[in-house]
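Remarks on the structure that follows.
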Amino acid sequence: MDESSLEQAIETYTAQLQQVEAALTCGLGSSDQEDLLKLKEDLVQLIELTESSLVSVKKSQLLASLEDATTQENAPAETTQERPKDVSLDDEFTAFYSELSEGASEEAHGPKPDGDENENDEEEDISGTKVRAPYYTSWGTLEYHNAMVVCSEEPDGEEARVRVFYVHPTHKSMKPCEFFLEGKCRFMDSCRFSHGEVVLVSELRDFLEADLTNMQQGSSCLAKHEDGIWYPAKITEIDGGFYTVKFDSSLLKEAVLEADCLIPPLRQDEISSSSSDSEDDLEQCDGGYAKVFGSGKEEGTVTANSGEFCGWEAHTRGIGSKLMLKMGYELGKGLGKTLSGRVEPVQAVVLPKGRSLDQCAEFTQRKTRAAVAKNSPALSKRKRKRKRTSASTRRDVFDFLNSKLGDDSARSASAPSCSVSGAEVYQAGKSTKRSLNVQLFQTSERMSQVEREIRRLTDSLSRRNGRDAAVISHVEEKLSASRKLLQQLKAQEQSIQRAQKKADTHKKMTEF
């Protein structure tokens, strides 16, 4: 876009922002007000980005004019060497920066001192620059993330410092604080979110553009969640520019995202070119991520597991590799004079504290024998047999306790049956009649309770119609269970009534 279209876009966005601010002054609902506040933030960011684009366009025009001026100065002698005062380079820079600054005075058209002008040029050039900046995690790991320079800070001695905001925050402490950007944060240093990270200019690296060409189904990536934080995930499906990702954390749900919400994983191997010297290799290995260096110096040399060599330094600052490089080690090759030694690092073994070497060896052997015996088929067969025996014992014990203690809920939930035998029913003794009457009374009481519960759940369901889907689903489950229990109780009542009828029939037929 050219300069005029950018200025016209800024005017349009400013007018829209004024309309949104006017709408915010009216008394609106909370939901509408939240939407308007979000729209206001988006418009402010859009205006800032458009202004930065306008600055870049004007800078390119100024640089083009500078190149033309330099060409004219190097031309043959007939071209005049002196330029008029009104079109001098200092006047152009002064007019340009006075036009962009909001509170600039109209009288500031004269040339500025060279020192102040250079400082302003440097600050203007570095603000808004995309870089890769270091970040130290809470557990001490050094990582490099894509970031944007916000402003310059006071130098630390002779080294210049800048404040950066991370573009793809992977932790809550890296996410920019929204209230700080608006100048309303009350927590300052104790805020959970980021107010910008102050880093040295010498520690900055080139910005790493996200390359999604190699991303396919099953690839690992970093995906943006609803909270604005980028979490590790895997791509499960790709459908026309939309990516279905499953986050590594089980607490996060599967999401469908667009391409701008995905980036390749940060901890990826970067192969350095074979033309870089050893000092460049040493600087590249100083990062928080493990780097893999190309080993194409000698085609006849066989390298083993060179892609995994520095993996053990993924959580350190790479001091081990730097020391080995200074001692003459060649990356990706084995140890020793003939380069035929080991490539894998020595695995650390944690031994019991305060034990001798003999006891540690005995402990290791005992642990190995136990692991071997654990996988033996005879032991697994005995374990399965013991497990079946214990399971049957537990089932018999609980059945015995339930039958002795008379759990009403267990009786009601079980299959409808009468606990009185047929011989006792036909004999129609007094104890049998009493037990049948007690069972019938208990069943009827239980039925009335369940019916009241069903009525209560039905009323609750009618009141909550269309409000909360989760609560409605829970109430429907309870209502379905209560209805099933009522059917079982009715069947049990009918069984008891049949038993009473048999007893009465037997009594009538035997007494004359």
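Placed from the backbone N, Cα and C atoms, the Cβ positions cover glycine too.
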Practice task
Quick one: sort out which of 279-301, 371-393, 440-462 is the region 'Disordered' according to TrEMBL.
Solution key: 371-393
Practice task
Among 145-171, 172-198, 469-495, indicate the range for which TrEMBL gives the feature zinc finger.
Solution key: 172-198
Practice task
Taking helix as H, G and I and strand as E and B in DSSP, count the residues of the zinc finger (172-198) in helix, strand and coil.
Solution key: 10 helix, 4 strand, 13 coil
Exercise for the section: Restricting to the domain 'C3H1-type' (172-198), report the mean pLDDT as a whole number. Expected result: 85
